[in-house]
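Since the structure comes first, as structure tokens, the remarks are kept for the end.
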Ligand SMILES: Nc1nc2c(ncn2[C@@H]2O[C@H](COP(=O)(O)OP(=O)(O)OP(=O)(O)O)[C@@H](O)[C@H]2O)c(=O)[nH]1
């Protein structure tokens, strides 16, 4: 996980201190990174009492990351969630850039339609750069002290790459934290998104809007009042090509069914059905548009009727040609998890699709997997999959989740009987990223995993 120490914005953590006294917490050794800590002495002392008692462990609290480019409607969504009736007591964290100091932001906890405000700043505060210690520990401490909220919404700055932030909370789940990553929700400014995606970064890296769309579990196409329904159709289809597994909804003023964004357990279950949806969308896209070259630049002979008057809403065929979704379907009865993981690690960590090189030692030939420098760097932003592992009891399925360079493979409870998640073959793996060349990926997979061409299909 790469991160930069530049531009560290302060982060403010909300408290609900409704009816709580404010006091300094100088002697709290667990919270070195918090300043202006607001402590309710009664709550603090009951926390200390609880340290030694046998009370049941705290229920884990879901955290949803809300991301999206500047002005896409993130704050509008937060306001909407905080004031809507629901069963959660929601706390909001803003991970803003420092032009307002990050200090004077109004922090909110919404409960049953009521919003109360308080704020707290992390001294070194920057969730995206300073990693776990500051962000996660501070939130955990706050939860112990306050215990007043049971859901956290983290709004990233519009310029943030959600990957590192998601990784912190996702991996923290494995470390036994009291919070877990529920999902990544991305707001898309329907009118301006094409312009934002066209912005090139000097170092050639992916721009943030592209990453925000690619990593989403839920995509909210907001501000649809500013585009035609035809443009909205096209936008939705294009988003699906970039991110085939996210669920997509269109909104105005971020008014979305809260079940669509809250408590979605996106990092928990992976359903074959969801992956089928990606498959179907990708197949449709291939049928509609026979451009197999992932590096094809739109607008240079693509043949589509570009809207010349308004580049912000021009119905270009794809939003971002470099990012796409690729699905591998394994038709074998099971998959060799060890071999698969080894291959995956090369894809994720070495950023290339390994190719076979035949090395001759005297009369013997050896296969070596190498990187080919003539191909673009591979940047996988998200992986989702489900498969039946080799040499495990019948019915065993494992789920794979990945965010940038991190991945996790866990056994999943079989949903046999529901008919929902039945896999015909060994399973499916979906990759979202840049540099995904379907045919090279397929060839590499076949050689690496010692499979025959009929064993795997790619779309
Ligand atoms: N026309 C229109 N305006 C909207 C819609 N949703 C939000 N807005 C307006 O767009 C502006 C930006 O919305 P915000 O919710 O502040 O966007 P944001 O993503 O939080 O913006 P940043 O904090 O700058 O990243 C505000 O003036 C909103 O009222 C919509 O669906 N249609």
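For all residues, glycine too, the Cβ spot is worked out from N, Cα and C.
Annotated range for region 'Disordered' in TrEMBL, selecting from 200-239, 240-279, 280-319: 280-319. It is 40-59, from the ranges 40-59, 60-79, that TrEMBL records as region 'Disordered'. Per-residue confidence over the domain 'CobW/HypB/UreG nucleotide-binding' (62-249) averages out at a pLDDT of 75.
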